[in-house]
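A.B. asks: From Swiss-Prot, here are the annotated features:
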- 1-159: domain 'Obg' (DOMAIN)
- 160-333: domain 'OBG-type G' (DOMAIN)
- 166-173, 191-195, 213-216, 283-286, 314-316: GTP binding site (BINDING)
- S173, T193: Mg(2+) binding site (BINDING)
Amino acid sequence: MKFIDEALIRVEAGDGGNGCVSFRREKYIPKGGPDGGDGGDGGDVYLIADENLNTLIDYRFEKRYAAGRGENGRSAGCTGHRGNDITLRVPVGTRAIDNDTQEVIGDLTKHGMKMLVAKGGYHGLGNTRFKSSVNRAPRQKTNGTPGEKRDLLLELMLLADVGMLGLPNAGKSTFIRAVSAAKPKVADYPFTTLVPSLGVARVGADRSFVVADIPGLIEGAADGAGLGIRFLKHLERCRVLIHLVDIMPIDESDPAQNISVIESELYQYSEKLSEKPTWLVFNKIDTIGEEEAQARAQEIAEQIGWEGDYYLISAATGQNVQNLTRDIMDFIEANPREVAEENTEADEVKFKWDDYHQQAMQNPIEEDWDNFDDDWSEEDEEGVEFVYTRS
């Protein structure tokens, strides 16, 4: 299935139903009083995280999603039905953004987590609500309010512990294949990897971490060169970044310069992302021998002013790969992910007597029924009363 990590959709919550103006009419009860019911609340629109999904492709074709409108109130004090809610299923890791204001509404980072993205309109009040000792036959009501409407940008951000950085053909996909059961495409030409992929690296019987591979960056990626930097967002939730460097590039480019290019593009994209813990890993040491690789790696580290440790591996042959994965696992266990307490339940619907209805009671809509005769009276000119008889 095609990997789609962005989609723009329109969500429309349902309008609230209008209140009803009605009076009770029954045999032998000539002055029954008001019995108009309230309208129903409009339906809400929710997003829910589903671990069985891994792409937003469904939302590329159907763009509009509308919840049900609340029904109008009816006579006999009947309240209108609430509008039907709709729930849209998205992959775990999806972020919802209001496309007009760029407000981040929330992140769905756990399976089953539910989020309200468009609130339904409030119900209108029927004339029964306006009955009082001085207003015994009220003809006032209120209308329901419109539901919330939004242009919603959905962004899928992969949830991984480790993120891979590097130029095209640095060996990132080969490394993923070496440490996990994932099988991303590997070839000897640039941009073999076109979409992000995940792999689960197992260290021993009961220890594992998730590693994310993204398409390689090139100089000018922040300005749109190559595949740009659109996939860097998938690294935002990683705990550590692995900067994989070809120690002896086939194009004879300078590895130190290549490292500077990646660091520059990363900083231009996000200063926060560039401050994440980053490990320097020199790959393809099997092409030049370990002793020469040691000397060359030390020289490169001095050129770029690298102060921390670095690793030398060969993803193709597996040389030193186990030591690297073991150290990554130890680092991840020593630095657990900071998880804020997140409510997996959606916001509850407010009680119907909220501030809106308190204000609406002050400015009701008056029904103008010039010919409406709510009760029979002896003062009527004809003095006629209808009597129902069974035939």
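Every residue gets a Cβ built from N, Cα and C, even glycine.
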A.B. asks: Tell me the Cβ contacts of S314 (GTP binding site) under 8 Å, same chain only and six or more apart in sequence, or just say none.
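C.D. replies: In sequence order, N283, K284, I285, D286, N320, V321 meet the Cβ cut-off.
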A.B. asks: S173 (Mg(2+) binding site) to P215 (GTP binding site): how many Å between their Cα atoms?
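C.D. replies: Distance between the two Cα atoms comes out at 9 Å.
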A.B. asks: Which entry in the list of binding-site residues, K172, K284, has its Cβ near the fewest other Cβ atoms, using 10 Å as the limit?
C.D. replies: K284
A.B. asks: Return the count of C-beta atoms lying within 10 angstroms of the C-beta of N169 (GTP binding site), excluding that atom itself.
C.D. replies: 22
